[in-house]
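Novice: This is the structure I have questions about; it appears just below.
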Amino acid sequence: MRSVLAASRPMLAERPAAAAVGSGRAVLLRASPLARRPDRRGAGPVLAGRGFSELLKLKQEESAVAPSRVLKPGIVSQRLTVPPHIPRPPYADTGKVREFEERPEIHDEEGIQKMREAGRLAAETLEYAGSLVKPGVKTDTIDKAVHEFVIDHGAYPSPLNYKGFPKSVCTSVNECICHGIPDSRELEDGDILNIDVTVYLNGYHGDTSKMWYVGDVSSEAKRLCEVTEQARDEAISICGPGVPFKNIGLVISDIARKNGFLVDKTFVGHGVGRVFHAGPYVLHHRNQEPGKMRAGQTFTIEPILCAGQPSYKTWKDDWTVVDTKGNLSAQYEHTLLVTQDGVEILTAL
């Protein structure tokens, strides 16, 4: 899912069905769904460019706002249960999560194979969830389908009861930046939707998300999604043993600047493996944080790009983060393995 949230708590028949935005190889919850990292220089998005031309582009992108009424909370159905034979993470019953594990996990061959299996199931689950997206479908319906799909494959839906999160997937619509809780709202023609999936299989988590188009989507919304996916993919392309993690933020920021978008710096990527959210923090904006990639490490890259200057608000559910001005945002996420000579995308099909 997206990066870990560390605030109050430390996925019409005749109209086009949902179109996956991009190639589809895609803290609970940041953009993966999810890790929030305290920023020493203050919170909020980073303006990835200061020149007049960049500011002009930014002003133009402010037209990329939610296509219909302001997003409002719907009715959240009762939490689903998981059969007792399904292996579950330590927090599944209590909702309590131990302190953030700063030390990166380095996997042995057995761990790498299990991470590949968890990553593949997460990717398959995401594609299945996306196949259900079309106007008139409730995000709660998607959640229930994902829940059953994951269980049918012998896994546990990692978001469920993570720090009390009530659902099995995150679904973030339009101006919802991340951690959207599936509810009774029906998807509308023109919406864009991030589905953030994480599965716990054989003791390991696989985490992925991407955007989906609902029916006919505006060109501005499409461009936001396309640029966000490009930023993620180009950041992945520079990964490998010995590469500084800060280079990820440099690549993403440059792409955002050239296209007039903002990089969110509140939600970050994270280590993932036997623990849902662990070190290292993966910042998607320009930064000078220390740390280099090591072979055997697994982590997520999950940038959120915003159209226009965001104004954040968290709903009373303590999870859903929305832009009060209606500005759209997009996010794409992959789980990665650093190999001896490069990087492997574990959540690509």
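A Cβ is built for glycine as well, from the same backbone N, Cα and C atoms used for every other residue.
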Novice: Out of His153, His179, His270, which does TrEMBL tie to the same divalent metal cation 2 site as Asp207, Glu302, Glu333?
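Specialist: Within the candidate list, TrEMBL flags His270.
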Novice: Given that TrEMBL lists Asp207, Glu333 as binding divalent metal cation 1, which residue among Asp196, Asp317, Asp318 does it place in the same site?
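Specialist: Same divalent metal cation 1 site in TrEMBL: Asp196.
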Novice: For Asp207 (divalent metal cation 1 binding site), what is the tally of other C-beta atoms lying within 10 angstroms of its C-beta?
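Specialist: By my count, 37.
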Novice: Are any of Asp196, Asp207, His270, Glu302, Glu333 (the binding-site residues) within 10 Å of His179 (substrate binding site) when you go C-alpha to C-alpha, and if so which?
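Specialist: Near His179 (substrate binding site), where near means Cα within 10 Å, the binding-site residues are Asp196.
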Novice: What does the structure give for the C-alpha distance between Glu333 (divalent metal cation 1 binding site) and Glu302 (divalent metal cation 2 binding site)? Integer Å is fine.
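Specialist: Glu333 (divalent metal cation 1 binding site) and Glu302 (divalent metal cation 2 binding site) have their Cα atoms 4 Å apart.
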Novice: Pick out which of the binding-site residues Asp196, Glu302, Glu333 has the most other Cβ atoms within 10 Å of its own Cβ.
Specialist: Glu302
Novice: So for His179 (substrate binding site), how many other CB atoms are inside 10 Å of its CB?
Specialist: 34
